[in-house]
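Asker: If you look up TrEMBL, you'll see 19, 21, 46, 67, 91, 111 marked as S-adenosyl-L-methionine binding site. Summarising the annotation, TrEMBL assigns domain 'Ribosomal RNA adenine methylase transferase N-terminal' to 26-196.
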Ligand code: SAH
C-alpha cells in the first residue's frame, strides 16, 4: 500500500498524559471487554493514534472518539477515513456529550490519561442514565480502589459512589513496557456494568455528601466525622454511627442516607 502523506507518528506530549499503547494484543483485549449489550454507540476517550479505535471499528457498534490533541486528530483523519465524521476534537471534561448523543445510550472506553481518570468516572456517574457500560485503563491502584469492597484499605469515595450504580470488575494488569513512553507505574483495566436498579432508594445528592464527608476523616467513627450534618442524638445512637466509613458496604451507606433523610 502506498504511504499516505502525513503518516508520521504523533510525538508524545507529557502535558496531555500521552502514553501510547504499542502492544496490539493489549489494545484488542481492551476492545473485547465491551459486551455490546444495550447500546449501539461507543465513545472512546483519548484515541491518540487509534490503536484501540482500530479494533472498535471492526465491531458491530458505531464508534465515536473525543481527542483534545490536534496532531492526533490529524493523524486519525488521515488514517481512518471512515471515522472522520465521528471524531470530536474537544476536551472530554468540558464537552457536552449530548450535542452528539442526544440523550441516547452509549458506552465509554479508553486508554486515557491518568490525571483525568477519576474526573472521567465522576462524569460517567453523572451521566449514568445514558451509560450502561464503561471499560477503561487506569493507574493500577486507582482501578483497584474503584473495584474494592468494604474492609479493604483502599475502599473509599470512588469505590462507594461507583458501586452504588455499577458493578465494578478489575479485569487485568498491564505493565509499563507496553506503552511508549512507558509510565512509571502499572496500569489496570476495569469494567463497569450498570446495575439494573441504578435509581437509588435514597436522596442521591445526600448520599454523595455523606460518603464524601465520612471518608474525609476515614479514621474516625461516623458519630464524629458526620458532626457537621447536625444529626439528632437519637439517630447517632444507631450502631452504624459507631463504625468507620471503610466498614460500611454500599448498601449500608444507602441505608444510612435514608436514616439521615428521615432524621427530624
Ligand atoms: N488511547 C491511545 C492514546 C493514549 S494517551 C493509546 O492507547 O495509544 C492519552 C490520550 O488522551 C492522548 O491522545 C491525549 O491527547 C488524550 N487526551 C488527554 N487529555 C484529554 C482530554 N481532556 N480530552 C480528550 N482527550 C484527551
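Cβ coordinates are placed from backbone N, Cα and C, and glycine is handled just like the others.
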Asker: For the S-adenosyl-L-methionine site as recorded (19, 21, 46, 67, 91, 111), determine the largest distance between any two Cα atoms, in Å, rounded to the nearest integer.
Answerer: 20
Asker: Restricting to the chain of residue 46 (S-adenosyl-L-methionine binding site) and a gap of 6 or more, list residues whose Cβ falls under 8 Å of its Cβ, or answer none.
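Answerer: Once residues fewer than 6 apart are set aside, residue 46 (S-adenosyl-L-methionine binding site) is near 17, 66, 67, 68, 92, 110, 111, 112, 113.
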Asker: On the 0 to 100 scale, where does the mean pLDDT of the domain 'Ribosomal RNA adenine methylase transferase N-terminal' (26-196) fall?
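Answerer: Here the predicted model's pLDDT, averaged over the domain 'Ribosomal RNA adenine methylase transferase N-terminal' (26-196), is 97.
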Asker: Can you give me the same-chain residues 6 or more apart in sequence from residue 21 (S-adenosyl-L-methionine binding site) with a CB-CB distance under 8 Å?
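Answerer: Residues satisfying the criterion: 27, 51, 52, 111, 178, 179.
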Asker: Give me the non-local Cβ neighbours of residue 91 (S-adenosyl-L-methionine binding site): same chain, 6+ apart in sequence, Cβ-Cβ under 8 Å, ordered along the sequence.
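Answerer: Listed in sequence order, they are 68.
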Asker: Within 10 angstroms of the C-beta of residue 67 (S-adenosyl-L-methionine binding site), what count of other C-beta atoms is obtained when all protein chains are considered?
Answerer: 26
Asker: According to DSSP, which of helix, strand or coil covers residue 46 (S-adenosyl-L-methionine binding site)?
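Answerer: DSSP assigns residue 46 (S-adenosyl-L-methionine binding site) to coil.
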Asker: Which residues of the same chain, at least 6 positions away in sequence, have a Cβ lying under 8 Å from the Cβ of residue 19 (S-adenosyl-L-methionine binding site)?
Answerer: 12, 111, 179, 180, 181, 182, 183
Asker: If H, G and I count as helix, E and B as strand, and all else as coil, what does DSSP give for residue 67 (S-adenosyl-L-methionine binding site)?
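Answerer: Going by the DSSP assignment, residue 67 (S-adenosyl-L-methionine binding site) belongs to neither helix nor strand, so it counts as coil.
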